[in-house]
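Participant: First, the structure itself, so that you have it in front of you.
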Amino acid sequence: MFVQESLGHDDLTAFSTADHSSRAWSVLTVNILFICLVAIFVSLRAFTKLSMTRKLYLDDYLMIGSAFWFFSFCAVNLAAVPVGVGRHIWDLPGDTKEKQFAVATRVQKLNYLALILLSPSIVLAKISVIATLLRIFPNPLKYLRLFLFATAALVILCCTCQAFLVIFQCSPVQFSWVIGGPQQGKCYGLETVVLALGIVNVVTDFVICLTPIPYFLRLKMPAAQKACLCALFLTGLIACAFSIVRVVSLRGLADNIDVTFVTVSYYNWSVVETGFIIITGSVPALRPLLQTILPEFFKSNNFPSLFSSPRRSVWKNVDSSASTKGIITVTKEYEVVELKKSDTQDV
């Protein structure tokens with residue numbers, strides 16, 4: 001991912017060029033699969049809101065924006081396949097090392113562009129989930145809301161720093177993608193910094209997934225509904241696991257000349273992680289659609305209706321005495337009234 005300095009012909013002597021395996025198939029499979037999955041879930045989310053609740057909220061627009069950047073990121077990854085990504089550098093087209101390094105330089109340029117496109121997708125997806133939480137939790141829970149705002153600020157800061165480091169990792173900037181060229185630039189050893197930012201990114205993933213769980217458990221509703229509600233957010237832990245794998249895959253990339261081959265794992269895990277964030281962040285918004293398709297399974301007394309009403313309506317009947325005891329009360333009678341309204345909205 002980060003090349004410490006422009007690499008020359010002699011650097012190939014440290015590698016066994018007998019390996020002619022290819023990872024290009026994995027790049028094609030992972031990117032095409034998640035383009036399809038993200039397109040399906042985000043489209044269903046928008047369809048559900050526009051057809052059943054007739055309104056898009058801020059979190060919906062943020063998730064749509066995240067999907068746009070994600071598709072751009074995947075498109076660049078796919079464009080790099082015919083150039084040579086996934087193949088060993090010694091298997092690239094060209095009858096001389098100079099021509100092979102020229103091809104590797106084109107691959108690195110596409111990798112560089114892909115990394116720049118990745119950060120906006122991640123930050124918009126996470127902020128979308130946080131915006132959803134801010135909308136369903138009432139103003140009286142001010143400490144929770146302040147914590148969510150602080151988490152959002154940390155996510156934005158972390159992703160901005162990572163994008164800045166990617167763009168300006170070398171001086172001059174174009175030296176970031178030069179392979180085998182003249183030694184006329186300098187790249188900074190940023191792997192440790194990027195690893196640290198990656199760890200912070202993992203921590204924010206866990207915070208976003210786990211923060212609402214204690215509050216959901218204190219809702220006065222049947223245990224099955226609580227379990228279903230918590231499960232919606234705990235599915236985000238899958239993305240957390242992929243985030244950890246992505247950070248681990250960074251190790252050892254900085255000094256490896258076989259950049260067209262070894263960087264594939266990092267980019268594939270980036271696709272998987274970001275795709276799962278978008279997908280799991282969109283699942284709760286699909287409740288009205290699922291209730292229409294499978295009414296017996298998703299009827300209101302089996303499936304939590306917290307996500308089917310605007311934040312202020314769902315929580316405004318919370319008993320003030322209960323809130324002082326840390327108890328959130330949602331009455332069954334109020335649920336029935338909400339379900340009779342024609343303008344029922346979804347998160």
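The backbone N, Cα and C atoms fix where each Cβ goes, glycine too.
No curator has checked TrEMBL annotations; they are predicted automatically.
Among the features that TrEMBL reports, transmembrane segment is placed at 24-47, 68-90, 110-134, 146-168, 188-217, 229-249. Sequence annotations record features per position, and here TrEMBL assigns domain 'Rhodopsin' to 44-291.
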Participant: Are there residues at least 6 beyond the ends of the transmembrane segment (110-134) whose Cβ is under 8 Å from a Cβ of it, and what are they?
Facilitator: 1, 57-60, 62-63, 65-67, 69-70, 72-73, 76-77, 79-80, 83, 85, 145, 148-149, 151-152, 155-156, 159-160, 162-163, 166-167, 176-177, 201, 204-205, 208, 211-212, 236, 259, 263, 267, 270, 273-274, 277-278, 281, 284-285, 311, 347
Participant: Compute the average pLDDT of the predicted model within the domain 'Rhodopsin' (44-291).
Facilitator: 84
Participant: Quick one: find which recorded stretch in 24-47, 68-90, 188-217, 229-249 has the most Cβ pairs under 8 Å with the transmembrane segment (146-168).
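Facilitator: Ranked by Cβ pairs under 8 Å, first place goes to 188-217.
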